[in-house]
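What follows is a set of notes on a single structure, which appears directly below.
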Amino acid sequence: MGIKTPLPVAELGLYSLVLSGSLAYAGRGLLEASQDGAHRKAFRESVRPGWEYLGRKMDVADFEWVMWFTSFRNVIVFALSGHVLFAKLCTMVAPQLRSWMYAAYGVLAVVGTMGPWYLLLLLGHCVSLYVASLLGQPWLCLALGLASLASFKMDPLTSWQSGFVTGTFDLQDVLFHGGSGFTVLRCASFALESCAHPDRRYSFADLIKYNFYLPFFFFGPIMTFDRFHAQVSQEPVRQEGELWRIQAQAGLSAAAIVAVDVFFHFFYILTIPGDLKFASRLPDSALAGLAYSNLVYDWVKASVLFGVVNTVARLDHLDPPQPPKCITALYVFGETHFDRGINDWLCKYVYDHIGGDHSAVIPELVASVATFVVTTLWLGPCDIVYLWSVLNCFGLNFELWVQKLAERGPLAQIEARLSEQMSRRVRALCGAVNFWAIIMYNLVSLNSLEFTELVARRLILTGFPQTTLAILFVTYCGVQLVKERERTLALEEEQREDKEKLE
């Protein structure tokens, strides 16, 4: 009720004004805090010289981001450019062999980066899951896949297998765990699809071509085997306007990289949470903005990574998983994920398989617990991951419990007496509470438990009621604007479908 109901333009204008003003105010507090703390001893390791001609230092606390765009930038550009060049030549000369070219180039890149023994290690896991797929037992394929994944996430097998990597370099651990983890998920997808479609008779060569596609190999996103195999087997045809859209996506990724670089010269959002003594002196608005900006940055980081990879994949005539939904637009746990490819894999093989249509409480509980068990294994079992999984699993199920409760008895009768606009306002208020639950639950893993406790104590306990209600109202304004955007997009989609039917 009230989902498609528009609100008065003046009301939406007020929400926009409140939201933009609040973000500006919180941003000003973060900027002042970054300037004040630039020379603190605790910041010395992660705030380094940046734009010397402007006297600005830069937040370099994110090791991966710094490595991607400094020491490993040329390597990444060289490897992906080589892939694009050889893929284009193969598509022009022998398009029927392009999948073989993808695999050959990917294997050579893996050998050149990680060494031949690492390649043999991964081939061993591929062979074991291929043999399991021949038996046609999905439970065996999934169990073996999870066992293989556990071998890369838990000692002593992790340490033993990491010894297969040749040499040492800064991103060795990242590339080892990324390439190994995604290899296992891809092999499991191949095995499960083989069991689901025994008539298609997939070969070991199909698995090799699927797994060693270089743009997806180390960092994802993961495409399920059925989608990848269908797309790579098609005749490569470029739709009208597609090349322009690819160029636009590449331009957005480049602009996002520049924007993050500029942002880190003024806002030390990754370094400040590490100094709790300094963070505790921030105003409540700046502290809330700091927590929010940490999640936004993680989304931007994932979007840039997948944006670059997806640009290359679309040049190869593939339709890869899209970047994750912006955290600003999330107020429902069911839509919260930072990797759409992993989310699709989990939904297809675990969550939807067990939970069905997700309308029953008990099957949904079992499905969500099983999904987060696999997710915990994927992230690497440890105390902070256990806590993150429990919190998000609870949030996902609590949404369903509240929904079921609202559909019954007094609450349903109360909402039925409300106008559609008022119903939308009530739902947006609930969405605002949910939004901060999503932030707090994910801040645990993205930052630290101590910083999360500081934010929760300041915003909920010591800041009550002024800070709590003020932040809740600002968030409510944001949720209403997101709902308005969703309503507009839904109407445009309906109009497009009606137009297609008439044609």
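The backbone N, Cα and C atoms fix where each Cβ goes, and this holds for glycine too.
Values in this document were obtained by computation on a predicted structure and should not be read as measured data.
Here is what TrEMBL says about this protein:
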type	residues	note
TRANSMEM	12-31	transmembrane segment
TRANSMEM	65-87	transmembrane segment
TRANSMEM	99-121	transmembrane segment
TRANSMEM	127-152	transmembrane segment
TRANSMEM	250-271	transmembrane segment
TRANSMEM	426-444	transmembrane segment
TRANSMEM	464-482	transmembrane segment
For the transmembrane segment (250-271), which partner among 12-31, 99-121, 426-444 gives the most CB pairs under 8 Å? 12-31
How about long-range neighbours of the transmembrane segment (99-121): same chain, 6 or more residues beyond its ends, C-beta under 8 Å? 79, 82-83, 86-87, 90, 161, 164-167, 175-176, 179-180, 208-209, 212-214, 217, 232-233, 316
Residues of the same chain, at least six outside the transmembrane segment (426-444), with any C-beta under 8 angstroms of its C-beta? 2-3, 291-292, 294-295, 327, 330-333, 336, 384, 387-388, 391-392, 395, 399, 402, 415, 418, 451-452, 455-456, 459, 471-473, 475-476, 478-480, 483
